[in-house]
Structure formats: C-alpha cells, structure tokens
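Colleague: Below is a structure I'd like to ask you about.
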Amino acid sequence: MQIFVKTLTGKTITLEVEPSDTIENVKAKIQDKEGIPPDQQRLIFAGKQLEDGRTLSDYNIQKESTLHLVLRLRGGMQIFVKTLTGKTITLEVEPSDTIENVKAKIQDKEGIPPDQQRLIFAGKQLEDGRTLSDYNIQKESTLHLVLRLRGGMQIFVKTLTGKTITLEVEPSDTIENVKAKIQDKEGIPPDQQRLIFAGKQLEDGRTLSDYNIQKESTLHLVLRLRGGC
C-alpha cells in the first residue's frame, strides 16, 4: 500500500509499504529516499510518536495515511517532573515533543495513564497538543505533575454584584487555575481577582484541597482595584 510522510518543511514523500512493516523499516525507506539517518527521524501519527519495534498495523495505519516526520535534534535534552509526593522523574525529551508525548513517557516510567496526568509549568497547565518549545520549556526545566481525580467537582463563585458562577474543578487545582477559569468565563484578569473562602483570602500557589474546599463550596470574588494593595 502507499502511505505519505510529511516533513516540517511541508514536503510530502510517498512510500510503498506493507501493514506488517515495522516503523524501523519505514525509517529505512525514508533514509533511502531522503538520506536522513533513522536515528534522527521521529515519526508521528494521530499525535503519537511511533516506536521502532511496532508495525504499521499496530498503529492502525492504513493506505494513504499521512505520517509526520520530525527531525530529532541531536542529543535532545533532559527535563525533570516532580510529583506531589516529592519524587522527581528525569525524562529524555526534545523541544518538539508534544505534552501528549511527555505524558506517554511518564506513563512508561510510572504507569500513570495520561488522562489522569496534569502537567504544570510556571503556574500554567500544559495542553496536550502543544510542544515543550511552545511553552519555552528548556533543558533541566522542572514540570509539576498533579494527578487528575476522576470526575472532578463543581464549586460556586459569588461576585459582589450577587452573580454566581459555576466552575468545574478538581481538588488538586491551584487557586491560580481557578482564577484562570474565572477569566475564561468572565474576562476578569487573574491579577484583579481576590478569592475569599471562610473569611480567608486564598493564595495563588495553594490548592483547593489545601483550603478544604469541597464540592458545592461557595467562594467569594472581590475585585482588586488597579494600583491598590
């Protein structure tokens, strides 16, 4: 059958393959056509990086499927992933790796399914389809891994005008995450938000569970006046 391989330069290569061909075989065919050594090739299909020992049929790659070829930067880089238990995992990655790829590597090392992983860097939750370089994650950067509790929960946020906003959250969400969700719904920048629960102002770096905020709790939103303290 024929498949297509699209490079980052936009060039498309046509290959004659069999469903039983391994990814390694495919890389050899690409080398024959383009002169790129297999160890510098990374093949992506449906957002997944393909492993050398697996076959096209393992990945359900059928005739006229398009694979994406990304060149592996020599050497790649190491990053660290710190879990809530304090354990630090070291990963070999490339700047062009997607967050989804990184979660797959964490699954390989730790057995945690990607859909239960949330990765945080510089206070931001990282989105699956974006790459490390999109977030300016460089060698020896540290990401934080938070486990997503299945199902999450609803909380309410009441504004001074009396309006109540409903949010879908997880106990492990930081206050910063909650402010980002409020910004998404209401357009209020996080730096203008102050959140109050049980008479306490909530700090950005802490989580809902730190403050014992449970399902259907109500937070109060006070707007911070520009230039105020």
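Cβ coordinates are placed from backbone N, Cα and C, and glycine is handled just like the others.
Swiss-Prot lists 1-76 with the feature domain 'Ubiquitin-like 1'. The ubiquitin cross-link annotation in Swiss-Prot covers Lys6, Lys11, Lys27, Lys29, Lys33, Lys48, Lys63. Under the heading phosphoserine, Swiss-Prot lists Ser65, citing experimental evidence as support. Here Swiss-Prot flags Thr66 as (Microbial infection) ADP-ribosylthreonine. Annotation comment: Swiss-Prot describes His68 as site 'Essential for function'. The feature ADP-ribosylglycine is assigned by Swiss-Prot to Gly76, with experimental evidence given as support. Per Swiss-Prot, domain 'Ubiquitin-like 2' is recorded for 77-152. According to Swiss-Prot, the feature domain 'Ubiquitin-like 3' maps to 153-228.
Describe each of these features in terms of where it is and what it packs against.
Modeller: Looking just at the domain 'Ubiquitin-like 1' (1-76), the mean pLDDT is 89.
In sequence order, Thr12, Ile13, Thr66, Leu67, His68, Leu69 are the residues of the chain that are 6 or more apart from Lys6 (ubiquitin cross-link) and have a CB within less than 8 Å of its CB.
Within 10 Å of the Cβ of Lys11 (ubiquitin cross-link) there are 10 other Cβ atoms, across all protein chains.
For Lys27 (ubiquitin cross-link), the same-chain residues 6+ apart in sequence whose C-beta sits under 8 angstroms from its C-beta are Pro38, Gln41, Leu43, Asp52.
Counting every protein chain shown, the Cβ of Lys29 (ubiquitin cross-link) has 17 other Cβ atoms within 10 Å. According to DSSP, Lys29 (ubiquitin cross-link) sits within a helical segment.
Close to Lys33 (ubiquitin cross-link) in the fold, though at least 6 residues off in sequence, lie Ile13, Leu15, each with a CB less than 8 Å from its CB.
The Cβ of Lys48 (ubiquitin cross-link) lies under 8 Å from the Cβ of Tyr59, Glu100, Asn101, Ala104, each of these being in the same chain and 6 or more residues away along the sequence.
In the three-state DSSP scheme, Lys63 (ubiquitin cross-link) is classed as coil.
For Ser65 (phosphoserine), the same-chain residues lying six or more positions away in sequence with a CB closer than 8 A to its CB are Ile3, Phe4, Phe45.
Cβ contacts within 10 Å of Thr66 ((Microbial infection) ADP-ribosylthreonine), excluding its own Cβ and spanning all protein chains shown: 11.
Secondary structure at His68 (site 'Essential for function'), taken from DSSP and collapsed to helix, strand or coil, is strand.
Residue density at Gly76 (ADP-ribosylglycine): 15 other Cβ atoms are found within 10 A of its Cβ, drawing on all protein chains shown. Under the DSSP three-state reduction, Gly76 (ADP-ribosylglycine) is assigned to coil, being neither helix nor strand.
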Colleague: Excluding near sequence neighbours, so keeping only residues 6 or more apart in the same chain, what lies with its CB under 8 A of Lys63 (ubiquitin cross-link)?
Modeller: Met1, Gln2, Ile3
Colleague: Measure from the Cβ of His68 (site 'Essential for function') and count the other Cβ atoms within 10 Å, all protein chains considered.
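Modeller: I count 17 other Cβ atoms within 10 Å of it.
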Colleague: If I take the alpha carbons of Lys29 (ubiquitin cross-link) and Gly76 (ADP-ribosylglycine), what is the distance between them in whole Å?
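Modeller: Lys29 (ubiquitin cross-link) to Gly76 (ADP-ribosylglycine), Cα-Cα distance: 24 Å.
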